[in-house]
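Novice: Per TrEMBL, Fe cation binding site is recorded for H220, H276, H345, H552. TrEMBL lists 1-21 with the feature region 'Disordered'.
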Amino acid sequence: MSTPKPSWAAPGFENASPQHEPVLLPVKGRIPSWLSGSLYRTGPGQFRIHPTSTANTDASPKPEVSVSHWFDGLGMNHQFKITSKGEVYYSNRSSSDGRIDYIQQTGRTPGSTFGNQQDPCKELFKKFFTTYVPHSDNPHTPSQPGRDMENVSVTLTPNIPGLSSHDNTKSSSATGLRYIVAATDSNWLQILDPETLEPLEITTYARIDPRLAGHLSAAHSCRDPSTGEHFNYVQKFGSTSSSYKVFRATPSRNPGEKAKVDILADITDAPMAYIHSFAMTKKYVVLSVWQSDYGQNGLAVFKNKNALSSIQKWNPNRDALFYVISRERGGVVAKYKAPTFFSFHTINAYETPSKVDPSKDDITIDIATYETNAVLDMLYLDHMRVVDPTGKSIEIPQARRYILSNILSTTTINSDTKSLPTNPAELAFTFSNIELPTIHPSFYYSHYRYAYGTHRAERHAPGVFTDKIVKLDMESQTEKTWGAEGYTTGEPIFVPRPSNDGQQQQAEDDGVVLSVVLDGVNQKSMLVVLDAKDMTEIARAEMDKCIPLGFHGYYAGNVNNASAKL
């Protein structure tokens, strides 16, 4: 049998070299001076760990420990520092050195054992579940893990309210950030230094309020930029009941005081599922429970000690559910359903006066959807590193718009969500394919037109996950793309051009799109800057090597730059 051909993306699933000191990258083109700031990226950085010889306490050598799924790579954070002169400096740092050291010393990961050919489910999503999977076989793992013992490397968020020991920390960064919070789909939060990327601390949402103790939380929180309020949920499994506890953390006006936490809803009638993100409008939080249901109402995860083997067989008759929660008064005010689907990411949501009754609200919610959750099985590295000779390909997500109609915001709050009627959600349209979506940051929770994301040309061979950056026009349902053969594109981040002191209203797409792209032809990575209007390339900062394909990031403008007002 012939050896499968490596995919263009294969170099993005290999170990990264450390780069603690910033290194200057050569730039082609001209980067706008107003773009001075830092692009932070997070994702896996180590996929193969070699145990040290001194760790062998018996006659048998310890085998290499290999990660089998993309989501299991051990975390690394990256910084692209952009100067007003258009220079780009790159650095990175591992966020899980303690965990790596333990694997090197023992030849196994905390909480389980595995080798080169381990059961692919054995370690899948492990970083999501170290919150509650006991480390009973690891006497060296403390009950309160060290700052780099857990694997927390999916999203990055600035300055979450309530992490009080760092809220008043003086920033040493040109961006003015005091700290960055790395998150994943567990309840772990890792505090990072924005200048050095060093892990400072690891904690959970229970640090903000003990009521927020739980096993899982969405990697993607929502933040209201006008109030600083932080929204998320914690998911807790129990022998008698399981729930999604949706909360809001409001920053204190007085230094040293704790953030105010409000429990907006405690949802007990929804299936316990892997929910990576949710949506918000100016008046509502929308928890979309798509199909990725854990068995035994969540308790199967305890038994299996992993997520994927705990997710139940796909049921085409299990509707997707939408829970609409009032931000002002709390409580679930409406429930909706739609034919089943799976998703990782919502795109945006906003409310408008109802077309039927202007005293009520309609919510528009846009989601990058999959027909089933089979994509979870397609992200094993053995599949992503090669072009599948059988022609099996990774499913392509599509942008869908749903309308949740006739919401009465003054509805009497009923704590028993089971008694609420479940209304049908309207599918307004489906078009194009998009993943890792983003929009202009000032248009979140509001009516908007443009979305940016990764994209895949359907004609390409199996093994290609994403090869273009796409701009979707949600009004005309048209698209523009950028990319080239052999590229694997990373999450795009839109950065608006600084306003002219508010004297002139800017177009929604007046700015640039940043993406870290792996060039599989030339075997190197690069930071690409695109003009958001026409998706043409302005500049690129090229590296002399490949860095691993990451998940999400955050751009922070320098404090003396108008673009910092993100």
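Heads up, the Cβ atoms here are built off N, Cα and C, so glycines get one too.
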Novice: With the Fe cation site defined by H220, H276, H345, H552, which remaining residues of that chain have Cβ atoms positioned within 8 Å of the Cβ centroid?
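Specialist: The answer, listed by sequence position, is V154, T155, A218, A219, S277, F344, L436, F551.
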Novice: Near H345 (Fe cation binding site), which residues of its own chain have a C-beta under 8 A away, given they sit six or more steps off in sequence?
Specialist: H220, H276, S277, I367, A368, E435, L436, P437
Novice: For each of H220, H552, count the other CB atoms within 10 A of its CB; which of these binding-site residues has the top count?
Specialist: H552
Novice: Could you pull out which residues elsewhere in the chain have a CB under 8 Å from any CB of the region 'Disordered' (1-21), counting only those six or more residues past its ends?
Specialist: 44-48, 70, 73, 76, 90-94, 196, 381, 384-389, 463-465, 467, 486-488, 518, 520-521, 523, 525, 545-549
Novice: Go ahead and report the DSSP secondary structure tallies for the region 'Disordered' (1-21): helix first, then strand, then coil.
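Specialist: Tallying H, G and I as helix, E and B as strand, the rest coil: 4 helix, 4 strand, 13 coil.
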Novice: Under DSSP, is H276 (Fe cation binding site) helix, strand or coil?
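Specialist: Coil, per DSSP.
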Novice: I'd like the Cβ neighbour count for H276 (Fe cation binding site), meaning other Cβ atoms within 10 Å of its Cβ, all protein chains included.
Specialist: 19
